[in-house]
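Here is what TrEMBL says about this protein:
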type	residues	note
ACT_SITE	A:Glu422	active site, proton acceptor
BINDING	A:Thr140, A:Gly179	FAD binding site
DOMAIN	A:137-244	domain 'Acyl-CoA oxidase/dehydrogenase middle'
DOMAIN	A:281-437	domain 'Acyl-CoA oxidase C-alpha1'
DOMAIN	A:479-622	domain 'Acyl-CoA oxidase C-terminal'
Number of protein chains: 2
Amino acid sequence: MAELDSTSSLARFLDGEFCEAKSEIRREISRCALFQSNSYDLTLDQNRDLTAERLSHVLGLPLIKKQLKDQVKEGQRGFLTKSLGIAELVCAADMATGVKLGVVCGLYGGAINNLGSGEQKTKWYLPVSELEFTGMFAMTERGHGSNVRGILTEARYEPSMQEFVIHTPCEDAQKMYIGNAMKGQYAAVFAQLSVNGEAQGPHCFVVPVRDPHGVLHPGVTVIDMKHKEGLHGVDNGILIFDNVRIPRENLLSKFGNVSADGLYSSPIQSKSSRFNAMLAALTPTRLGLTVQAMAAMKLGLIIAVRYSHSRRQFGPKDQDEVKIIEHQTQYLRLMPHLAAVLALTFTTRYAAGLIDAALYRGEDLQSSRFLQALVAGLKAYSTWENVACLQECRECTGGMGFMMENRIPALKCDSDVFVTFEGDNVVMLQVVVRELMTQYAKQLLSSPVSGLIRTWTSSASDSLRTSFLGITVDKVGDLRFLLKALSYRERVLQRSLVARLHSKVEKNKDEFFGAWNSCLHHVTGLALAHIHRVTLEQFALAIEECQVKDDHALLSKFCLLHGTSLVYQERAWYLEHKYLTPATSRKIRTQLLDLCKSVKDEALKVVSDFNIPACCIQAPIAGVSNPRAEWAFYSQPEAPAVQKTLSKL
Amino acid sequence: MAELDSTSSLARFLDGEFCEAKSEIRREISRCALFQSNSYDLTLDQNRDLTAERLSHVLGLPLIKKQLKDQVKEGQRGFLTKSLGIAELVCAADMATGVKLGVVCGLYGGAINNLGSGEQKTKWYLPVSELEFTGMFAMTERGHGSNVRGILTEARYEPSMQEFVIHTPCEDAQKMYIGNAMKGQYAAVFAQLSVNGEAQGPHCFVVPVRDPHGVLHPGVTVIDMKHKEGLHGVDNGILIFDNVRIPRENLLSKFGNVSADGLYSSPIQSKSSRFNAMLAALTPTRLGLTVQAMAAMKLGLIIAVRYSHSRRQFGPKDQDEVKIIEHQTQYLRLMPHLAAVLALTFTTRYAAGLIDAALYRGEDLQSSRFLQALVAGLKAYSTWENVACLQECRECTGGMGFMMENRIPALKCDSDVFVTFEGDNVVMLQVVVRELMTQYAKQLLSSPVSGLIRTWTSSASDSLRTSFLGITVDKVGDLRFLLKALSYRERVLQRSLVARLHSKVEKNKDEFFGAWNSCLHHVTGLALAHIHRVTLEQFALAIEECQVKDDHALLSKFCLLHGTSLVYQERAWYLEHKYLTPATSRKIRTQLLDLCKSVKDEALKVVSDFNIPACCIQAPIAGVSNPRAEWAFYSQPEAPAVQKTLSKL
């Protein structure tokens, strides 16, 4: 294909596996009339209708149709990696469409395919690929968002009718923020199952919400939540069930089933483990949030970096004004985010690869505590990083960045919700730490707290001390120094957290919730330290696979910048722990400034190699003309001279 | 009045001077139908029309009519303080109305009243108080936003006609982002004056844009910039002048005038000083940005703090879930912002008082470099603080905070522009440092750089060393310790900046722009250090005036929190400079956590004492019912038991 031939080696490397599939999606989006303009000036209803139309178009694309059919099968090699690649591009084209695709295929589809039987998949998911209906995912309740174990919706089995009765007992049990609530036909509803008066914990049920003509199922009430900060094309609503009757077959039965005569059975005995298994089965979907955030960050950076290389302001006396990218503050604000999105690209690829490999081998995701921690941590880190990145992009583009025509405002508003939805970030960070602790504890077949103290305290101190002594000031420019520093921080925070919890719970006999809560700042710090370390490691490992010399050199600089930026952020901690001396800490700052300066021109090549179609970028200040806002147009900047040699590969 | 009687002593203290005027505005807003609901679901045109109607209503209020008439007179005691008090409440009612009020009275009005003659004020501003017309402020150009000296619009004097010809010579000279551009009648236009072929630098001219029927003045083109991230009610546009002829009398003549026969005269000889004087005369308007940001922060905090005291999630096993404010991360995210908005309240009051006193005495604002620095620094610090604060408020209210009904999203989108408009924050911080440097240099009648080095380096070291040695670990809980620390940081950064610039410019003979740019990170750090120090000092000084014991105690805790939070943010720097030991640094962190926890319940009283009418708060999650979103309603939380005693004053 012509497009592929003109793609640089770096663009191909950043695409990774399934680059042909991605190219096909790029071509489809570029030629589809529905994706040629932004939609911020539509009414809420028009916006939702357009999004529904865009979603139908996407679901109808041959490549995606095939992907949906593959989703029903088990053991598809690289299924998640491919799905995420597609999802990122759909999000880049339109975030609302990407999020609705995530609701229908990732969440609803994830529930049916991971919690249901083969027959159930055929019945409730395969028709989605034929555009027969769409679904929604009803887990969150008004009173219980992030604390899903506490949901109150009831599912009582009635043996006489062989039916479940789904019921909303109180206001706090209303299913809230449900995406596709105003348009979808079926909902995967989480509810507390009771059989013969015995509580079996949360299970997932397929509940019909409305028929193809839009008529609501008896007993179902839907309230439109209407206007949000962003994602105007996503119809969020509230579902209320008034003793809604559904057939026995509508319980997704992989982790628990009820026989016709009302006998409950499950492959997992403990109610708590059973629910954990269900949640673990939904892990792959969570990685979708990270690629949504990455799509937004990449777009923001393309726009901000290009404009910074076009717009001029201030300069030496009696000379031309300089490009704003030349201002120290400007490159210092943008470059670390560019490094972070590269790190996220490789870390997400790594996580998806692990999940794909596990699923291909038919393994249970729940047992991989490390993987659960990684995915939860990536969700929190990437979505916060996205908020910070887009805010810098908005500010670095000045008044132009506040105009809707220039895309950044909508990206900000659309993606702002990612930090709290699908698991609030603060809760996600707690998941990271709990998973890590459980993993260690399991290895010891002991209680989390006391077991951990023994291993962590004994293992950590010696090797850490050694690594500390091995450091000389000259080495801060060495990636190994940065990797060691991140690893040290993670391990010290782990060790000290366990010691603190141990002291509170086992010595002072504090109640666990209170003890944990009093360490929450510590917990979130540890979780971020963990994910920071993994992103730098994965960035470094990915570069080793890069065969093209110039690309390797360029990525290495960004990798060093990412590590430098992460250590710089936490330099207070390193100074407190005497891991950095004051002189070394200052050296880190100088290194950050120097690296940001040294990559500011190459940044143009990197954003270009994100290979996002112009119809997704939209912004006139990034060189995409728009007759509605001629005043905003700046020609796409040419790469500065030095850079040109590098990009000629 | 009943309202006044029921107001607590703290609310009265926070109101300060002109509390009767503020109460009157509160009553007017509360009973005006135009301010009873939010307007996010209107079209752009409806939104603009509603805002225009709101603005007319506000301008027509007796109290504001009188204030506008006072603005024309000179030497009104406390004029700015009173204006800012009014402006903050109008912004709280509707940010777009507040910003348009700022455009018409602060910017257009500021230009006419500060740069014009008595006759000009009567002609072009007094009619605004009679609702005869409104104005706009046309300084920013496409190519020159923050670098106003570089504007390109031309104003050529034609003696034959006794007219100025206002002309836009190129695309980059178009007046951009002009507020009220689609509705206003007159514009205060900044253009490069040339008389008899001689350039006299930028001056301000009153240019008629359209007549009362909306017909554009000959040669004027207006382009609608339409959709923005927020402030939908503000009509921003582009003004283009094609040899527009205006009478000689339309040059605002305070700092420069042209006689009928074409002779230029000015009380200030240097072109550069002349323009500085004009900009300085506009300083009071800049303080308006800070109160706009404060209005947004207060609303965000009212909503987030109340919801955090209502909503429950997670908790000890087999017990009720706890209020989310009890989570350590939740109070740690919100309380420092509450402390900061209190500090800003007192610092803004201080700055406004200084300006009012100077103007009352008929002094020239330009000569007070410290005041220029303070206002520029407050603009940058308060607007960034607002962005950070509202983001935390949004995240701390979860999905509810993403719903338009709950007010926070619109506040975020409306106030996001403050960080770049009316002077980009990064430019503002450079203004702070340049003003401070010029102040010192002026005292020495010497060049900025070399003069400064001599004073700063000699004065700083001794006293700083002494203060350093006087510190013991036990004192971090003492406000004086924190004040000293902030002061130390400011002075060391000053000294080292001057040394670096000296070395670059005088020793290495680097070009000044390049030298300055290579220190930009340092410059912005110094500017923030300066403003941080001033806010803590002013907070501490204001508390000394508080007569009510319980209020004094409460404010003292928040003041200590503000100082702790500022030192905590920069603890890496203090560790690098060995001003904090690792142990002291850890102690600061513990103190931050403890203080945030200790004020979390009193926070309910503080946000209540902001005394913002319910129709401005709007959010159902903060206890303001809304039939359109019954699902979002949470009753206003009662103060926890301990707190009740305190609030009973």
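Backbone N, Cα and C define each Cβ position, glycine as well.
Automatic, uncurated: that is what TrEMBL annotation is.
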Number of other Cβ atoms within 10 Å of the Cβ of A:Gly179 (FAD binding site) across all protein chains: 24
Cα distance (Å, whole number) from the residue listed as 'active site, proton acceptor' to A:Thr140 (FAD binding site): 9
Per-residue pLDDT averaged over the domain 'Acyl-CoA oxidase C-alpha1' (A:281-437), given as an integer: 95
Other CB atoms, at most 10 A from the CB of A:Glu422 (active site, proton acceptor): 23
Number of Cβ atoms other than its own within 10 Å, given for A:Thr140 (FAD binding site): 22
C-alpha spacing of A:Glu422 (active site, proton acceptor) relative to A:Gly179 (FAD binding site), in angstrom: 11
Helix-strand-coil residue split for the domain 'Acyl-CoA oxidase/dehydrogenase middle' (A:137-244), DSSP-based: 6 helix, 54 strand, 48 coil
Counts by DSSP class (helix H/G/I, strand E/B, coil) across the domain 'Acyl-CoA oxidase C-terminal' (A:479-622): 121 helix, 0 strand, 23 coil
